[in-house]
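> Features from TrEMBL:
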type: DOMAIN; residues: 87-148; note: domain 'Anoctamin dimerisation'
type: DOMAIN; residues: 151-707; note: domain 'Anoctamin transmembrane'
type: TRANSMEM; residues: 159-188; note: transmembrane segment
type: TRANSMEM; residues: 239-258; note: transmembrane segment
type: TRANSMEM; residues: 305-330; note: transmembrane segment
type: TRANSMEM; residues: 350-367; note: transmembrane segment
type: TRANSMEM; residues: 393-416; note: transmembrane segment
type: TRANSMEM; residues: 526-552; note: transmembrane segment
type: TRANSMEM; residues: 576-600; note: transmembrane segment
Amino acid sequence: EKWDFILVSDIHEAGSEKEIKRKKFLDELSKKGFTIKKIEDKKLFYGVRAPKQIFQKYQGLLRKPDNRLQNPNVHQDIPVTTSFSLLRIRIVNFILQNTTTPDREKLHDLMKKKVFEATFPLHEKEEVREFLKEKWARWRGIFCQQPIEKIRCYFGEKVALYFAWLGWYTYLLGIAAVVGTVVFVAGITVFSSSQVSKEICEASNTIMCPLCDQNCSFWLLSDTCTYAKVVTHMIDNEGTVLFAMFMAIWATVFLELWKRQRATVVTNWDLYRWDEEEEELAMELINNLQHEPQQYQHSYFRSTIILLLVLLMIAVLIGIAHALVIYRVIAMALFTQSNFAFLREQANTIAVMTGAVLHYITIVIMTKVNRRVALYLCDLEKPRTFSQRENNFTVKIFTFQFFTNFSSLIYIAFFLGRINGHPGNYVRIAGKWRLEECHPSGCITDLFIQMAIIMLLKQTISNVMEYLVPWIAHKLRKKQQRPKKRRMILGEEEEAEDPCKRQWLSNYQLNEVNIFSLFDEFLEMVIQYSFTTIFVAAFPLAPLLAFCNNLFEIRLDAIKMMRLCRRMVPRKANDIGIWLHVLEAIGILAVIGNGLVIAITSDFIPMQVYKYMYSPCMTENNTGVDCSTGYINHSLSIFRIQDFEPYTNVPKMQPDFVRDEIKECRFWHIFAARLAFLILFEHVALCVKLIAAWYVPDVPQLVKNQLLDRKHSNL
């Protein structure tokens with residue numbers, strides 16, 4: 001027997017409110033010609049099958065008039081093919097979600113009230129499914145091409161387009177990973193020959209100002225020799241600059257090539273000019289012939305309220321980033337006062353690393369909070385259709401996730417070490433704790449550490465949990481829902497088991513999926529795409545980590561969908577929707593972000609200015625020396641010890657120093673005020689432009705409603 005959908009309910013007492021509501025809903029389905037079958041185990045299972053007339057109406061409505069005349073057999077029995085099976089599930093799901101009881105309650109209202117516990121289509125024992133389980137949802141196929149056409153035949157176009165996009169993204173990411181690895185390895189092989197590294201390692205007489213007020217002592221610039229070689233100049237070199245430019249171009253080329261790939265795929269599926277709005281209208285008419293289309297509406301008052309709430313949420317997320325800054329400042333002060341020599345000596349590095357771990361924890365927590373807030377705001381907007389609701393939700397959740405993931409990175413990249421003042425006039429929190437400075441080897445080291453830790457944690461812990469949680473939940477549910485043992489009488493079974501029971505129960509034991517299950521996968525990949533492109537100048541290995549992660553991600557998602565989760569409701573689509581606009585926005589941010597990292601965080605620009613303005617090559621016409629000779633001394637400013645703040649204790653001296661000889665120390669001096677103003681102005685202007693574009697609709701509501709009425713009249 002073929003059943004389109006299964007409804008699951010707890011066994012309620014006869015005459016209870018829940019039992020009455022359930023009966024009213026099932027009666028409404030019966031009035032529409034649905035066949036309903038009931039099976040009782042530890043739960044009540046209701047199999048639902050729609051009448052043939054519903055699908056005949058669908059095909060009749062969405063055929064062109066000339067096609068309808070040329071195909072007089074449109075009302076004959078329709079063969080049950082794989083594509084028709086998807087159509088049945090999609091239409092039945094729409095009718096179930098939009099069937100209203102006499103009490104004006106829909107299915108989602110009944111599920112909130114626990115009248116029904118679950119609703120899902122069945123995994124069928126089809127040839128396509130068996131092929132996907134054996135060839136696609138296996139770890140051994142990690143390097144094999146995906147069977148996109150088979151995925152489409154079983155899960156529908158929307159899921160197939162996700163995997164087509166993910167496969168294309170991973171394929172092109174392999175090129176970026178190779179280039180990034182080459183740049184990184186090249187940095188390793190040539191760092192010893194860097195003139196700047198040599199000067200730092202040989203600066204045994206350059207005394208640097210203390211990094212904190214308490215137990216921090218004066219230190220020698222040569223103490224950072226290892227960091228200067230291994231970290232800073234391994235990533236902060238000319239090759240990294242070229243790689244950042246390459247990634248900016250790669251992001252644009254990737255999207256353009258995906259558009260071409262997508263056009264080819266959807267044309268083969270005959271969906272290039274598919275109209276989602278027209279299909280939704282057709283389903284509404286199938287469900288209720290008296291249906292009137294919901295008109296487009298736009299409320300400036302509601303938009304203003306939502307805008308203010310979004311800005312408030314963004315302010316909260318930025319506040320969390322400020323809290324992470326305060327943590328690092330206080331942690332640095334506490335580590336420098338530790339009794340352990342290692343903690344005192346590596347206080348800055350440990351504070352940055354623990355701050356990065358704490359940042360990852362806030363990402364995990366705020367992801368759940370952001371989802372609830374975004375859903376609440378979508379409910380306030382009252383979107384007209386499911387697609388509009390999905391688009392609105394996507395924009396909001398991505399905005400919140402972007403600030404959650406990148407606020408701290410933006411601070412480290414563009415503000416750390418630039419707003420903390422200077423010796424004698426430090427900026428302090430609560431008048432006590434000095435704002436943190438960059439790592440002694442340079443600001444780009446802090447960004448490198450932060451990026452490396454977050455990407456590694458996100459792509460290891462998150463993926464392990466993404467697989468283990470559904471696997472454990474499936475095993476526990478399977479154990480709890482074991483079928484009752486059949487009693488034997490005189491060697492014969494008391495009653496034969498219904499052949500549908502085993503299939504329905506095994507599907508119920510799988511993990512639940514919802515309308516945002518695929519959305520979660522998209523969001524995860526888009527955030528990864530942001531990490532891979534926006535700050536790649538500070539972490540050239542990001543594409544390599546993303547590439548390796550995606551090879552596993554594709555198979556992990558396949559295994560979850562085929563083996564651990566219930567079947568998704570197939571949905572039609574001819575593109576990846578609003579995610580394409582999000583990716584284009586990220587591409588723009590990648591150009592801006594990498595440009596700013598090179599201009600502000602990196603030493604590349606100051607070094608070039610020195611080479612062509614102040615170096616021996618220019619002032620002495622000396623071509624026999626490296627043009628970066630003397631750059632370190634040029635970039636350091638001098639501070640007299642006597643000018644420390646009156647309430648600051650002069651730090652303890654290093655054992656090898658003679659106190660009377662130290663009358664001045666050096667500190668990194670960065671001229672960034674003009675550039676900071678430019679950045680602030682540029683980003684504020686960009687935000688105002690985007691808000692204005694969202695606030696005022698591009699197309700008047702009257703025009704949209706006229707087009708809507710024409711489509712409705714034609715149908």
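Just so you know, the numbers here start at 1 and follow the chain as drawn.
In case you wondered, yes, glycine gets a Cβ from its N, Cα and C as well.
Where the annotation comes from TrEMBL, it is an automatic prediction and has not been curated.
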> Sort out for me which stretch, of 159-188, 305-330, 350-367, 393-416, has the most Cβ pairs below 8 angstroms to the transmembrane segment (576-600).
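Between the candidates 159-188, 305-330, 350-367, 393-416, the best contact partner of the transmembrane segment (576-600) is 393-416.
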> Among 159-188, 239-258, 393-416, 526-552, which stretch has the highest count of C-beta pairs below 8 Å with the transmembrane segment (305-330)?
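By the under-8 Å Cβ criterion, the transmembrane segment (305-330) pairs most with 393-416.
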> For the domain 'Anoctamin dimerisation' (87-148), what does DSSP give as the number of helix, strand and coil residues?
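Reading the DSSP string over the domain 'Anoctamin dimerisation' (87-148) gives 31 helix, 3 strand, 28 coil.
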> Averaging the per-residue pLDDT over the domain 'Anoctamin dimerisation' (87-148), what integer do you get?
89
